[in-house]
């Protein structure tokens, strides 16, 4: 039995190493001075933060970060509010045609972004919404809507019916039921959804690549995708740029890791 | 994790409709007025996801460069996909990627689950957080990192050198035979933690008495896993299969920054070609047709997985 425990930890540590080696490699690489020639994992002769400063400046990350934050700041609340209202209407109010509508939303989960993005670009071009934050924000909200509606519906379906029933008998209107009865007990579900939406919005790449031609208005991952084309050989610089883009999402993950994990797993359980 | 189970957000399990529903009689007026709540979400979803998707189908029947007037060509764009070996191979590549994005991560996830399950031991939370970490990163950054790890002077070759296999070293993503495998393994790195997290969630809901019974029957840890845990997380395996398969078939970000389809088209995938055809080569019709074919494949495969893993009882 003791041998079993030893083996168990041995394999766990091996897996941990396999997962962490890329992180260690890229952090070490970024701590080299810009332009340094690297050979695999190597401890820099001289620890340097210059690559970060240079990557930030060359990659124009002030503008990219501003775009990323701006988009997320609008996408997250907008999507969460719309998904909550829709989930409420479909699950609690049982609106006319709710089964069909729920199905229509769930079907969206299997639509690959490729089939949306081509025509979306030309549709938005007609109405002048390419190269605009509004276009990206609405498109992301639409992309994330199937999951959000599904998520809120499952959440509401787990709330005991008597709760809503009691409020109704007291004469509460729909909006009051939602705001006073359901919302106070929905914060964990809403937090999870917000964190997931933030992650998806931050990591979104193809949409930004297609919709935003203006390099100033690209998001951090969008800008990184182009940055890599310009500085192919400067490994420390690229590594630093990657870490700049990754840092916010890793911080959010470590703060909210419970929400991340429960959100991704629960939301996914749809059998 | 325990505190989460008691919170209102506690795992909504599979069945969407279940006992705890409000038993309210819904007067027709309310059912109609309720539309006001659904309408905003529906409008955004229809306008910015469904309408474009329908339009992509329409565009797939046209020959259009995005500027000059389009001409109707019927299914010609679709015929081209099956005639053009590059397009056809891209579809095959995405099917190969399923092995690396889906099969191996599910196996790895089961291994991680087996190791992390049971009595809470020191450091289990740490391992979970670390194993899941790759899943939250933007794939663009993941791709750039691995491009360097796989390079001539990268960490992979360095490790091979250390263990005496230096002669196998090469620029992995530039290797005609191995580029697709190398690319796929990045997906394995990224997806395994997701599978683990799904299985752990499922395993938490298995009745502990089943393990007791198995123990009494003299089953060792391995047999317990095989006969109790594995059937217990069947549903989660299905879900993991669906999510990872979609990620494989519709992959774009990773390929775009690592190989961009090279060498010699060996890592072309549909997503990449849709982008290239539509936004670099001005063949909107061809790009749309390929996107539609991709969608049909995704839906067929997902439908297939759900059909073969459905509850038969």
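Cβ atoms here come from the backbone N, Cα and C positions, even for glycine.
TrEMBL entries are annotated by machine, without manual review.
As given in TrEMBL:
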{"type": "REGION", "residues": "B:1-25", "note": "region 'Disordered'"}
{"type": "TRANSMEM", "residues": "B:35-54", "note": "transmembrane segment"}
{"type": "TRANSMEM", "residues": "B:90-117", "note": "transmembrane segment"}
{"type": "DOMAIN", "residues": "B:91-303", "note": "domain 'ABC transmembrane type-1'"}
{"type": "TRANSMEM", "residues": "B:129-149", "note": "transmembrane segment"}
{"type": "TRANSMEM", "residues": "B:178-200", "note": "transmembrane segment"}
{"type": "TRANSMEM", "residues": "B:237-257", "note": "transmembrane segment"}
{"type": "TRANSMEM", "residues": "B:284-308", "note": "transmembrane segment"}
Within-chain partners of the transmembrane segment (B:35-54) [C-beta distance under 8 Å, separation at least 6 from its ends]:
295
For the transmembrane segment (B:129-149), which recorded stretch in the set B:90-117, B:178-200, B:237-257, B:284-308 gives the largest number of Cβ pairs separated by under 8 Å?
B:178-200
Within-chain partners of the transmembrane segment (B:237-257) [C-beta distance under 8 Å, separation at least 6 from its ends]:
94-95, 97-98, 100-102, 105-106, 109, 138-140, 142-144, 147, 183, 186-187, 191, 194-195, 198-199, 267-272, 275, 294, 297-298, 301-302, 305-306, 309
